[in-house]
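These notes concern the structure reproduced below.
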C-alpha cells in the first residue's frame, strides 16, 4: 500500500525520522522501494547527475514527467514527489497546469516547489485544488545563478527571513518542507516551530527527516561531491571493475560461455543449411 501524506505527518508526530532519496528511473525506484524508503523525490537534480548539465536550470517539465513516470512504475509503496522545474510555476496559473501534468501524466502524488513567502500564494492555490505540495527553502538550486552555492541563513536577518518563509509555506498548506544548506541550529529552530515535517539536506540532524541524492549516496557521481553527502558505497568503482572484466571476457572469448547460449539439434541445423545451399 502506498505511503500517504497522512502517514508522513504521523511519522513526524511520533518523532520517527523520515528518510527520503531521489530516484530518476524504474530500477532505482524499485531498489529504494524495497529498502523501505517512504518518500522518493524525482528531483530536478537529474539535470546534473543524469543529463549532464551544470545546474538544474535547463531541466524541462517534459523531462521531469518522463522520469517521474518511470519512478512511479518502479515504486509501488513510496510516496512519489515530482519537482516542478525552473520557470514552470512563475504564476499560480502556470503552476496549476504544470502540477496538474505532473499528477495526471506522470502519476506523482505530490509536487515540490522552491521558494518562501513569495511562492506561498501559489502553494495555497495548488493545495486548494487538491494538489499536495512540498516546499523547499534555504539554498534553492533553481536560483543558483542569483544566490550562488552557499549556506543560507547564517546572519540574523537571513535567518529571520527563512523562518518567515517556512511559516508562510506551512500556512499555505504544504505538507512538508525541504531545508537545504541551512545552519543546523537554525534548521532545528525552524523544525521546532513548524507543525509539518522538515526534510533536511545539509541542514543538520535536527530536521524531521533527511534527503540525499541517489548518485551522491551510492558513489555514482564524481563531478561534484557535496560536503553534506555521505557515500554509503562506491558503486562507480564497482561498476567500472565489472565493465572492465566484461571487456576482457569478450575480447578473450570467455564470454559468452556454453551456459549463456542456446543449442540446436544438429540434424535441424544441417537441414536448414542444406536448404540454404540448394537455393
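Cβ from N, Cα, C; glycine included.
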Record says 44, 83 bind Mg(2+). Source is Swiss-Prot. Which of 16, 93, 105, 114 does it list for that same site?
114
Using the CB centroid of 44, 83, 114 as the Mg(2+) site centre, which other residues of the same chain sit with their CB within 8 A?
43, 45, 56, 59, 84, 85, 86, 112, 113, 136, 141, 142
With the cut-off set at 10 Å between Cβ atoms, which of these binding-site residues ends up with the most neighbours? Options: 44, 45, 114.
44
Cα-to-Cα gap, residue 45 (3-methyl-2-oxobutanoate binding site) vs residue 114 (Mg(2+) binding site), nearest whole Å:
13
Cα distance (Å, whole number) from residue 114 (Mg(2+) binding site) to residue 44 (3-methyl-2-oxobutanoate binding site):
11
For the recorded positions 83, 180, which Cβ has the most other Cβ atoms within 10 Å, all shown protein chains included?
83
